[in-house]
């Protein structure tokens, strides 16, 4: 199922509050999911029931545990891929970047699944590593101001 199909078929978020398979579950718990948990998820009509994608969520949670052990925190690892200001593309003009490609490669090298450059770029936008709001957008300035007050996590 591609991204467009997922967006077209998704149900309102309110339907899932407190009921979603992964909503608000820490990755430390997902890492302990068993085959019976995966089978249960395959029956959950509220999620994309693709065995490979469900298994990849569990796999990635396990990989995240290893990453924390190696890097000190997920935040320090992910923020190490923050692009330098001079390397940023014009807002809303890209779906990948050198940094999102590097992040995807680093995650795949560590065993992560279903993490490509576009997914990583969207993650970087959502986490604030990239402010992709248009120049005229009222949120661009707010995000920029918040970023100035933020201390970038570093490896311990």
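For all residues, glycine too, the Cβ spot is worked out from N, Cα and C.
According to TrEMBL, the feature Zn(2+) binding site maps to 133, 137. Of all the Cβ atoms in the protein chains shown, 14 others lie within 10 Å of the Cβ of residue 137 (Zn(2+) binding site). Secondary structure at residue 137 (Zn(2+) binding site), as computed by DSSP, is coil.
Long-range C-beta contacts of residue 133 (Zn(2+) binding site), restricted to its own chain and to partners at least six residues apart, with a cutoff below 8 Å, comprise 91, 92, 139, 140, 143.
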